[in-house]
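Notes follow the structure.
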Amino acid sequence: MKGPPGPPEAVTIDEITDTTAQLSWSPGPDNHSPVTLYVVQARTPFSVGWQAVSTVPDVIDGRTFTATVVGLNPWVEYEFRTVAANAIGIGEPSPPSEKRRTEEALPEVTPANVSGGGGSKSELVITWETVPEELQNGRGFGYVVAFRPYGTVIWMLTVLASADACRYVFRNESVRPFSPFEVRVGVYNSKGEGPFSPVTVVYSAEEEPTRPPASISARSLSATDVEVVWASPQERNRGRIQGYEVKYWRHDDKEENARKIRTSGNQTSTKISNLQGSALYHLAVKAYNTAGTGPSSATVNVTTRKPPPSRAPGNVVWNSSDSKIVLNWDQVKALENESDVRGYKVLYRWSRQSRTSVIETNQTSVELSLPLDEDYIIEIKPVSDGGDGSASQQIRIPKMTNAYARGGGAGPSTSNACTLSALSTLMLSLTARSSL
């Protein structure tokens with residue numbers, strides 16, 4: 001009975017160089033169908049399982065029992081096996097050969113992502129990605145770090161005799177803050193030196209900013225938000241400014257527990273959120289760069305506004321006619337420790353969309369000019385200096401088939417006359433018969 005060929009036998013490495021291996025093997029049983037093709041596979045400690053490799057000849061016919069594997073990596077341990085195929089199919093692979101290491105060669109691969117920067121005063125920090133072991137091509141692998149001040153001719157060289165090295169720090173008092181250097185990293189092994197990476201520019205460590213920001217001010221935006229504004233240092237600053245760091249803490253907390261927020265570039269204002277209402281906060285600002293932060297500004301104080309009203313609008317009633325929806329609700333009265341109500345927000349949308357439209361009024365009623373052939377979801381919030389207060393329960397206004405309809409939302413003194421619904425977008429024209 002015909003079948004795929006059996007596994008070849010006695011795969012032997014007859015000769016090996018730095019990039020090639022001469023193999024021979026014996027044929028296995030052909031299972032009554034002549035072998036038409038052999039494929040050579042290789043495995044190393046770095047490969048994922050067995051991989052097909054390039055050979056000479058490129059196509060190994062069924063009558064050939066030798067081949068030269070090409071394109072191997074120097075100084076890597078390999079084992080090989082062969083697989084036979086015939087008209088019926090592909091057979092099982094041969095047992096693997098003995099393990100043999102290719103010969104050494106000069107390194108050819110340079111480190112990737114040569115960069116650096118940062119560090120402490122008078123330092124030049126150079127970093128790179130190490131060359132993988134399977135690409136080191138030999139024993140005694142290491143790196144040659146070359147650098148020079150930008151625009152000069154003579155390279156300074158340092159040899160790092162470690163295949164795992166990925167960072168070098170040059171320290172010298174002559175290194176000026178944030179000065180450009182040309183940098184390249186080469187490789188070597190026991191066979192000799194390999195190539196250098198392309199030249200890249202790396203800056204030496206910076207000096208921290210030496211002057212504090214000026215004209216610090218803060219104002220409360222709501223019960224939870226404040227805005228901080230400052231000016232760049234007025235006097236000459238020796239350190240480059242990369243951004244600013246705002247430190248803030250509540251009066252009854254310790255300064256060492258302060259929170260921090262950073263800006264970048266030339267931004268000289270920021271908003272701080274998630275604060276506690278009716279609370280006194282202290283704030284200070286510093287400039288920063290990669291070397292660290294500079295001196296702190298004077299501390300300023302700001303008190304957040306009272307929290308918004310906790311009571312939601314109640315007795316929400318609506319009626320509709322002639323493409324208009326009229327809403328009415330009870331006035332919300334703030335508690336003593338809450339911000340006074342100065343108006344209301346009416347939020348509405350189609351029930352099958354997600355974008356919400358908003359209208360503000362300082363009255364307890366509003367008229368919306370809307371098509372009545374859609375379901376609407378509506379809720380109402382009180383507005384105060386401390387922010388938006390608690391929202392009424394969402395009410396659903398169904399699309400109208402009659403010329404006139406009315407209903408009520410859930411509230412302190414009414415039952416819910418409309419069902420609740422999931423939410424979606426509304427982009428409609430509207431008018432409010434109330435001043436904002």
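Glycine is no exception: its Cβ is also placed from the backbone N, Cα and C atoms.
Residues or ranges marked as compositional bias 'Polar residues' in TrEMBL: 294-304. Annotation source TrEMBL lists domain 'Fibronectin type-III' at 7-105, 110-207, 212-307, 309-404. The region 'Disordered' annotation in TrEMBL covers 91-118, 294-313.
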Need one number: mean pLDDT over the domain 'Fibronectin type-III' (309-404). 86
Should anything in the same chain at least six residues away from the compositional bias 'Polar residues' (294-304) have a Cβ under 8 Å from its Cβ atoms, list it; otherwise answer none. 208-214, 216-220, 222-226, 230, 233, 237, 239, 247, 251, 275-288
Count the residues of the domain 'Fibronectin type-III' (110-207) that DSSP assigns to helix (H, G, I), to strand (E, B) and to coil, and report the three numbers in that order. 3 helix, 49 strand, 46 coil
